[in-house]
Amino acid sequence: MPSQQRSSSGSTAKAGDADGDGDAAAVSFLGDKSAKVFIAGHRGMVGSAVHRKLDALGFTNVVVRTRAELDLACQAAVEAFFAAELPRYVILAAAKVGGVHASSAAPAEYLTENLRITVNVVDAARRCGSVRKLLVLASSTIYPADAPQPTPESALLTGPPAEGSEWYAIPKIAGIKMCQAVRAEYGLDAIAAAPNNLYGPRHPFPPEHSHVIPALIRRFHRAKLEGAGEVAVWGSGAAAREFTHVDDLAEAVVVLMERYSGEEHVNVGSGEEVTVRELAEAVRGVVGYEGVVAWDAARPEGVARRVVDSGRMRKLGWEPRVALRDGIQDLYRFYLRHECGGQAHHA
């Protein structure tokens, strides 16, 4: 297997700075649409959105594998795949995902599998010798619970991740640091992004895996079908969050592959900040549930505010397009098409 040579003078592929300037312009991702692009995790919410975006842009050589075809947690299988396929671009969107309750219930499983996926893909991309650019998708769970708001990229490792999030966050932090390490030691143009509170088609709906928007959709829809007079929601509803539609992230991925080659990771957030109460009312309206939302202020609701500073991403020319209510409608349509023929009515 050909391997990436160690850089004798540090990061030979440090093609750009925080604004995406420098040598990155000499190698155009959008001008290389016949090159082989490997999307790891193409069946998930993020990977499928990236796949749709590349197809729409006319990329003709996108390579994907199901988990049955390629177990990304198996080092030998990943190395054999890279040696055979020799992709030019790699986008790592694969992960074992679930809410805080799921990862807290199986911490070793989440930590180990996500570390293996990250290490295997980044190392194989570095070793195979064909990869021109690698993008690792992390998560805003990497930041401490007491990070400044909006949270800048520089808040990474200024404290531990929020309690309960660490089993998912630690492998994501490792992915960012691996990108920096292979860039410094081998000159590979490896970059990372940290999207915030993603939602969209293919978001999991089972209670043990879902996040707030799909959970609210499922609960309000069930209450509407059953004629329930109220739906209980934890907390006071005062906590503020931002939510980023996965199609906006897919556009950000293309922008990053085209314009960014900096060492530091990049936040990706919509900038549309809402309270959980406003979110619940928006979901209730989209679903058409006419009952009451009963707020249980005795229950925990997390940190008071969680928003990321996406100024670096916006300097690259990216702007989110999907308004929150439109995104909720999009996800509800997906839920009705793909979930409501089976357990979604009764779970």
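Glycine is no exception: its Cβ is also placed from the backbone N, Cα and C atoms.
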Write down the one residue from TRP234, TRP318 that Swiss-Prot lists together with ARG219, ARG241, GLU301 as binding substrate. TRP234
Cα-Cα separation of ARG219 (substrate binding site) and SER139 (site 'Important for catalytic activity'), in Å? 26
Near MET45 (NADP(+) binding site), which residues of its own chain have a C-beta under 8 A away, given they sit six or more steps off in sequence? LEU198, GLY200, PRO201, ARG202, HIS203, PRO204, VAL246
In Å, rounded, how far does the Cα of LYS172 (site 'Lowers pKa of active site Tyr') sit from the Cα of PRO195 (NADP(+) binding site)? 11
If you tally other C-beta atoms within 10 angstroms for each of the recorded positions ARG43, LYS172, HIS211, ARG241, the top scorer is LYS172
Could you state the whole-number distance in Å separating the C-alpha atoms of ASN197 (NADP(+) binding site) and SER139 (site 'Important for catalytic activity')? 8
For SER139 (site 'Important for catalytic activity'), which of the listed recorded positions (GLY41, GLY47, TYR168, PRO195, HIS211, TRP234) have their CA atom within 10 A of its CA? TYR168, PRO195
